[in-house]
Structure formats: C-alpha cells, structure tokens
Amino acid sequence: MSDAVNVRKAIEELRREINRHNTLYYVDARPEISDYEFDRLMERLIELEKAFPDFVTPDSPSHRVGGAITREFPSVRHREPMLSLSNTYSLAEVEDFYSRVKKLLLVEGVREQDMAAELKFDGVAISLLYRDGLLVQGATRGDGTEGDDITTNLKTLSSVPLRIPLTSLPVIEGIERDIEIRGEVFMQKDDFARLNEARPEEDRFANPRNATAGTLKLQDSGEVARRRLNFVAYYLRLSSQDSFLLTQYDRLELLGQLGFFTGKHYRLCRDMKEIGDFIGYWAVERWNLPYETDGVVLKLNDVALWPRIGATAKSPRWAIAYKYPAQQAKTVLQGVAFQVGRLGTVTPVAELEPVRLAGSTVSRSTLHNFDEIERLGLMLHDRVIIEKSGEVIPKVIRVVLDERPENAEPVGVPSVCPECGASLEKPENEVSYYCPDQDSCPAQIRGRLLHFASRNALDIQSLGESLVAQLVQKGLVRDAGDLYLLQQPQLEALERMGRKSAHNLLRALQESREKSYERLLYALGIRHVGQATARELARAYETVEALQNASEEELATVPDVGPVVAHSVKDYFSKSSTQMLLRKLRDAGFPLRFTGPQKLINRNFEGVNVLFTGALERYGRQQASELVQQRGGRVVGSVSRSTGVVVAGSEPGSKLDKARKLGVKVISEDEFNAML
C-alpha cells in the first residue's frame, strides 16, 4: 500500500473521529474526551491537510476554525417561504387553537390527533441546504421569502454538520438531492456571559438573542467561531411531497440520527391537559437549562395533514407558539443608589424590597439612566413591577400608580459625583451623566484597576474588589502602574493579607508582565476598545509609540475601528495621566510593543490552554509558563471548558477538583516534563 493511500486513510479516520466527538459533545451532551484531546485531534488533521492539500474535502471539520472574511452577504430565495408562527401568551388561546385544529380535522374525517410539543428557542431562524449530503448553503429567514447567505459563518458552528449521513435516511422513493433543514441559532448562557465580559461596558449585548443576531452578521468568520454559537434543528424537508415522513416526532428523531441537536425535550401530547402540563412544567424548569427558551411550540404531529389544514399568508394553521409571559413581581422602591463606572458614567440603581423572581431573590435592578426614571414617572417608595425576560438583569417596567403611597417623593438627580464630589457633566445628545474627574475619582480608579486585572485583560487573579478598594482607599495605588511598585510589607499590613497572600499577589503581578501586547491594550480600558479591537490595533501598530502617533484618519482605517473608536483612542493617548501610566508600565518591564509570535522550540502544546496548580519541583511557575509558551501553548489562571490540560504539582488546590469535574485532562509534573 502506497504512502499516499495510508495518509488518505489516516485523514479520513481523523475526520470520522472528530465528527463523532463533535456529535457526542454538541448533540448528545456526553463528551468522551477532554477539550485538550479534541484539540490535538484537530491539530493533527490540519497538519496533515496542509501537507497533503489534494486530500482536503469540503466537509472536513478543519473548515470550522473560521478565518474567511465576507465583504457582503448575497440574498438567496427560499424554496418554500419561511413562515413565522402565530404566537400567544394565553393558555386560553392555546386551547382555542387546539379546538380549531380538531374541528378542521373533523371536516377532513379525522377524529383524534396528537400534538408535538417542543421548546421554543430564543434565537435566530436559519435554513440549511444539503446537496447529496454536503452542506452547500445556509441562510437567514430574512423577510420569509429571501434571506442572507451566511454559509461561511454557519460552517464554523460545530453543531451544524458539514455532511449528513445519507444512509440514515429512510429508503423511500422521492427523496431529492437537496435536503433542507431549518432551525434556530442560539448562544448558551455561559458563552453569552463570557462574550460580554470581553466587551467594553458600553458595547455589551442586552441578551443572548441580540448577541447571536449580531454575531451572524459579522464579516469575520474567525470571530464567529470564537463566539461558540449553537444550532437546534426542528424542521426537515426531504422532497416536495414529503408526506411519507408521517409525523413531526419522527422528523425530530431522524434529525437526531443525522447528527443535529434537537433539544431533546420534546414530547407527544394527546389532549389539552397534557399540553397544559408540558407548558407548566417548562415554565419552571426552563431556568435550569443552559440556554434561553421563551416558550413552547405546538405542531400537529401528522405531517400529511399539514397541507390539508393549510396556512394564512403569514403563518401555518397547524402550529402555534405559546410564549411565556415575562417573569414579573411586585415590590417597593426603597431607594436609588448611584454607581460610577470606570469610564465615569453615573448609573442609577434601584434598591428594592427583596422579592423572588425567576428562581432567585432580587433586591437591586438597573434603571439605565435618568431619562428612564423620568419615562417611568418613578418616585421613592413607589410600588413597582419588575420583570425578567431575555435580559440577564431584571428591570423596572412600570409604577403601580393606584398604589402610590402618601410618602412618595421624587428621585433627585445628583449634581455632584457620589464618590468624589466633582460636578457632574451631561454631554450634548447623551442620556447619561458623567464624572469628569478621571484621575482622582476613587470609583473610576477602582473600576480601571479591576478591568486591568480581569480575566480577559492581564488576568491578575489575586487582585479582587476588596483588595483594590483597600489599595485605593489607603492611597497606595492611583493607576495600574502603581501596582508594580507595591512591596511585601505594604501588602502584609492590609486587612486579610498575610505573608502568603501578599507573596501570591506579587507573583501574579510579576507573571502579568508576560501577557501579550494586545491584552495590555485591552487592559488599558480605552473607551470603545474591546478585545477584538485591541487585537486589530496591535497588528496595525506594533508599538505604543506608533499607535499614539497615528492620526484619527489613519486609525479609522483599521478593521473594527472607525471614526468613533479612532477619536476615543486619540483622546486617550493625549492625556498626561496616560503618559504617566505608560512610563510606569515601561519601568515595570512591559515591552509596550508587538513582539510577534514567540520562536517555538516545538509545537507540543500548540493551541493548548495549560493551567498549573500546586508546587513544581523542577521549575518555578514563571519558568514553567515560558516552557509552555515556547512550545506554542498558553498558560491560564483558571479552570474552564476551554482548559486543555492541568499540570498538578504537590499540594494542588481546588482547581484540581474543578478540572476533574469538567473532564479536563490532568497530568503530573513528570508527564509534563516528558511532553516538553
């Protein structure tokens, strides 16, 4: 057997194995291997395909890594209209729908029929087209007749099979070359939280659905891949006739066999009582799911009857969506606090009489800005209705005016900063008030320090809120540069800071100097500059000097920047406080330049997130980190689903237990040494 044949077989086997593990992870939710082991399989496949490009196929899982830039999304016409479902918030209207369907069926001579009940995902509707089993097109719903072709972006979703196994389809005449799958793209709650944490405060998404819609419109498929979207399938079209697949339940089962995630929480309901039970059960249990669901979809189970019942111009008559009313509770506005963010924005926060809502106790709620207080007509001591819908944080939606107490009083708008006493400013055409004293306001200093130390910035884990508050209150730190001037005795004198804690912080600060230039740019906390923008700026301007000397016009041409961000960047570097901070960071050992990819000794840890816990005998923590980086890896400070391997030394901490719970591979120091 020739070498080429052996290589082809190895590549095909790798693809099968990777696709199998993708299905286990995204569809069945029972992974067999850690992320590290999966990444190694993918890296091996990419390596072989680069060496043997003739063996690359359109359905290779290596295409999921993204990277292609799409300048525009052409329109495509749907083969059948993507109708939206009529929806209701009323169980009585669901019962009316059920009765109406039964009457229509009686006219057709059909007495009893089951309804298929499925969870309604709060996402973005998508159509996938497979030709001879290969994914050839993915499109948004658009206006129902035409949508945007976003195939490149959808190929990055691991829950979208690039090829479906035709052998799993029923052996029935009439199946066409083109098979259509419809469903919903969504973002899990954890991934949504991670995405928002990496964005500037003023650019964060309100809820997972907004984040999903925004992500699918991105022109950079690499960024789409990094945001970890998911796809749930609920519709299958095999032919123009299609009635040989007799039930919707059968379709969902077949979709699962084809490798699609279907939500799994679907069932058949024989009568209105079972429908009501299903809706009632998930009204409570949906909060325990890892993704947002906002209702239940009911469909006549017998697909053959769908055309006989028909549809209106907008929606089918054989289906309805019951949407859960937003969770609401009545409580009392006890006060309004004013928070000052790291950029000086003053945000009013409602202080509420504690009340249970959506499975948790709520005592505070954002009021967004002072215009919102005026719009609501809100007064202190009012009874208010708070609501939790798709938003992460509950919001006040209205005042119960007929229950307004006699002691109600207006909410005063502060004229000075609640933290530093500076006179507040309200820029023209903006709704928020700002504290202009960026250099001295304690709240802004604390906010900037916490951002500088956050996980996606320099990841200084030992630097938490209480410690930052002490450092600022005692005048030890006024900007991030002062952190690197701290001494062990100063730290030991602080509350709850013994010798070991002080040592750990100094070590974490030392290690933070090794973080990349782009992460440092993000850590600076420039308004409107999130992780992606910081990455583009670092690539365009390889030194801080070059970046601060660039004109606004030049900055605006950088991908992901534009005029608003360019002005913000230029304004930031024009301040004397910024220049002082940069001098301190340079003196602390930060190179303040893009060093490019480190020269690798080998690629044994390429693309792997490595975490160390416990004490190592052969190496100090910094030396061990450098060994990983010299082999293409990245050292992280916390355990997550993206951690590839944990190196456990003597006396490991709680991170080891968490790693084992998540199924992350754990190795000893000897095994680590052997991998070098």
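Backbone N, Cα and C define each Cβ position, glycine as well.
Just so it is clear, the model here is predicted, and its values are computed rather than measured.
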Same-site Zn(2+) binder from Cys269, Cys441, given that Swiss-Prot records Cys417, Cys420, Cys435: Cys441
Candidate recorded positions Lys120, Cys420, Cys435, Cys441, pick with smallest Cα gap to Leu85 (NAD(+) binding site): Lys120
For Lys120 (active site, N6-AMP-lysine intermediate), the three-state class that DSSP assigns: strand
Cβ-Cβ neighbours of Cys420 (Zn(2+) binding site) (radius 10 Å): 16
Those recorded positions listed as Lys120, Lys299, and which of them has the most Cβ atoms within 10 Å of its own Cβ: Lys299
Candidate nearest Lys299 (NAD(+) binding site) in space, where candidates are the binding-site residues Cys420, Cys435, Cys441 and distance is Cα-Cα: Cys435
Separation of alpha carbons, Lys120 (active site, N6-AMP-lysine intermediate) and Cys420 (Zn(2+) binding site) (Å): 48
Cys417, Cys420, Cys435, Cys441 excluded, remaining Cβ within 8 Å of their centroid (Zn(2+)): Val340, Gly344, Val416, Pro418, Glu419, Gly421, Ala422, Pro436, Asp437, Ser440, Pro442, Ala443, Gln444
Confidence summary (mean pLDDT) of the domain 'BRCT' (600-676): 81
